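*Asks:* Dropping the structure in here first, questions after.
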């Protein structure tokens with residue numbers, strides 16, 4: 001009886017051992033795979049990856065030959081076989097029906113359809129065996145163990161950690177998520193050493209102008225996705241260009257991939273792998289970095305439709321790192337699934353036989369909110385007012401969109417097809433779309449031209465008899481009033497300009513005090529207060545109702561006037577994603593006001609110091625954003641700018657929590673050949689560098705010191721100085737962080753913050769960077785360029801010296 005009972009157990013063990021062996025041993029000559037059967041894939045030893053037949057999404061009778069993530073529910077495809085299309089350079093995905101066979105025989109790997117015709121082979125011979133590696137790489141090897149062919153060497157749209165793309169290779173996006181044909185975008189590692197993203201004119205392989213390039217012609221070497229999760233482009237001199245900066249999540253805790261998506265964005269993704277990661281994160285792919293950051297704004301091609309199809313526009317969601325293509329009102333997609341084909345009007349196009357009056361009756365210009373097609377202009381008028389701009393487009397049968405720029409009184413006309421459409425929140429112009437009037441009936445439209453031609457002369461005759469006697473007087477009165485108002489406003493604005501430096505790089509808009517008083521509702525809603533004034537929320541009386549923040553300088557002393565001029569001069573000559581944009585100013589007598597773009601998520605101070613910790617990923621995003629902004633001020637402006645008052649209150653967050661540096665009232669501008677300056681003490685207690693209290697020159701390193709304090713506050717979600725803490729040693733964050741770092745107890749700084757604990761390696765890195773920034777000796781502090789490299793993980797961080805004094809500025 002015992003042997004009989006033991007037999008089933010032995011069979012189970014044999015089955016288990018056989019499956020385990022299949023996942024670990026070499027794939028030998030004679031092995032084969034077929035769709036729709038248990039034996040349809042070869043699995044890596046870790047079971048993380050599989051190579052074989054995968055059903056095409058939405059088509060259970062068609063199969064790809066592919067490599068995929070085997071432990072993820074949706075079996076994400078990372079490689080798929082392609083074959084040449086009619087002998088041309090472009091390729092198509094290999095798709096076969098059930099009954100097809102993939103066989104490793106006679107020293108070669110061959111895929112044949114049910115009729116026995118070969119549909120794919122990797123074109124290598126003398127193959128001894130194959131392997132599905134734990135890296136996701138499928139290899140064919142000779143009997144001597146040398147690699148004959150590998151999937152890593154013939155990439156599709158995705159690369160994985162440990163994968164390298166040498167010169168002459170490329171990634172091709174898919175046409176759709178479910179259509180594996182070559183799509184509209186390519187990432188090329190060119191033979192000339194340049195790494196380039198191209199828009200492609202499908203179905204051909206013709207490239208339009210690149211929308212991103214590394215600009216390394218003659219110097220580029222290879223694109224690397226290393227084992228730590230960093231993606232960079234190496235140069236022939238050994239240096240590196242970071243392509244993404246997200247190499248921070250443990251390879252043991254997350255699956256990683258980088259894919260050229262169907263929208264043209266090269267994104268790096270992670271997926272929770274370990275039990276601990278799955279307990280903290282949703283089991284789905286999460287984008288942690290992207291190139292370009294906002295493709296809607298990046299692609300501006302002279303030929304081609306742009307990021308989306310013709311007559312459509314592109315929108316970008318920064319919180320989800322996604323793009324979307326939409327049609328403007330009264331337009332619809334040619335194909336709702338294949339939106340890249342663009343949009344068409346849902347109404348009959350305007351007839352060129354209509355006279356002006358009939359066109360005005362049948363069509364109107366309706367404003368659309370911050371949507372623009374920047375390269376579709378075919379006519380321009382200036383100077384002109386908005387009413388005339390509308391009229392000129394309505395009566396022109398070619399015109400579909402008009403853009404009126406109020407500051408310059410310029411009108412631009414655009415005709416179909418419209419290209420490079422995007423949603424632009426910074427757009428200050430009024431965009432007008434021509435559509436049929438809603439009151440039009442079909443009979444009215446068809447007969448409008450003849451009817452108005454017939455009646456027009458009678459209408460003109462009657463109205464001229466009735467109004468003829470008074471029109472001249474009315475015209476003269478209106479002209480006098482308008483001319484007087486114009487002269488008054490012009491005089492005030494000239495006075496404002498005369499009080500400012502001639503080379504100040506002023507913003508384009510000069511406001512009157514009355515305009516800003518009206519925009520803020522009488523300075524009613526307070527957003528915040530500072531040493532030199534109060535900031536109010538307002539709304540411009542433009543077509544878009546643009547929200548603004550108005551800083552009203554309250555102090556009338558000479559120092560306040562100086563700060564006002566410094567701020568106008570400083571921000572007026574800067575433009576960067578991580579700097580708050582100055583839209584305009586008012587300088588009427590004692591009234592000094594600055595008009596900024598409105599930041600909907602307030603200051604970092606409010607965001608960071610509350611009862612709930614913001615997500616770790618958002619804090620990292622803010623830290624990187626602030627560092628980029630400071631790098632721009634210190635090293636990338638025409639004149640070096642030292643902010644001098646970096647603190648959380650002066651870092652604002654927009655709709656997508658992008659950090660923007662603000663409040664340049666204490667800033668110092670240095671000529672190109674000058675690196676330090678002498679000035680009085682500036683800044684805010686707790687963030688001021690020690691050299692402010694010494695008789696030495698001030699350099700950009702004072703901002704680096706302040707950034708070190710802010711970085712620690714971002715890590716720990718607490719202020720630098722907190723008097724009401726249980727442990728006196730924790731009162732001053734910079735002291736406590738140094739002690740924790742020296743003792744190897746960084747975890748104490750983020751106790752109770754599960755996300756930070758999970759990313760403890762990056763927490764340790766950020767703390768080390770902060771301690772370098774907080775060195776008392778300015779020359780010991782890194783530049784912001786070096787800070788960026790350390791935060792990104794691009795360079796090793798040596799152990800920072802123990803600073804002799806963090807808060808000498810508090811004494």
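Glycine residues also receive a Cβ, built from the backbone N, Cα and C atoms like all the rest.
As the structure is a computational prediction, the values presented were derived from the model and not from experiment.
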*Asks:* Run through 237, 601 and tell me the one Swiss-Prot describes as N-linked glycosylation site.
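*Replies:* Comparing 237, 601 with the record, Swiss-Prot tags 237 as N-linked glycosylation site.
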*Asks:* What range among 423-443, 444-464, 465-485, 486-506 does Swiss-Prot record as transmembrane segment?
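*Replies:* The listed stretch tagged transmembrane segment in Swiss-Prot is 465-485.
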*Asks:* Given the candidates 321, 673, specify the residue that Swiss-Prot annotates with N-linked glycosylation site.
*Replies:* 321
*Asks:* Starting from the Cα of residue 327 (disulfide bond), work out which of the recorded positions (39, 242, 296, 314, 389, 393) are within 10 Å.
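*Replies:* The recorded positions passing the 10 Å Cα test are 314.
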*Asks:* Using DSSP with the three-state reduction, classify residue 389 (disulfide bond) as helix, strand or coil.
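*Replies:* Note: residue 389 (disulfide bond) is helical by DSSP.
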*Asks:* Within the domain 'Bulb-type lectin' (24-153), how many residues are helix, strand or coil going by DSSP?
*Replies:* 4 helix, 64 strand, 62 coil
*Asks:* Report, as a single number, how many Cβ atoms besides its own are within 10 Å of the Cβ of residue 389 (disulfide bond).
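*Replies:* The Cβ of residue 389 (disulfide bond) has 24 Cβ neighbours within 10 Å.
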*Asks:* If you measure from the CA of residue 314 (disulfide bond) out to 10 Å, which recorded positions from the list 39, 59, 237, 393, 411 are inside that radius?
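*Replies:* Matched recorded positions: none.
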*Asks:* For residue 343 (disulfide bond), what is the secondary structure by DSSP, using just helix, strand and coil?
*Replies:* strand
*Asks:* When the pLDDT values for the domain 'Bulb-type lectin' (24-153) are averaged, what is the result?
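*Replies:* Its mean pLDDT is 89.
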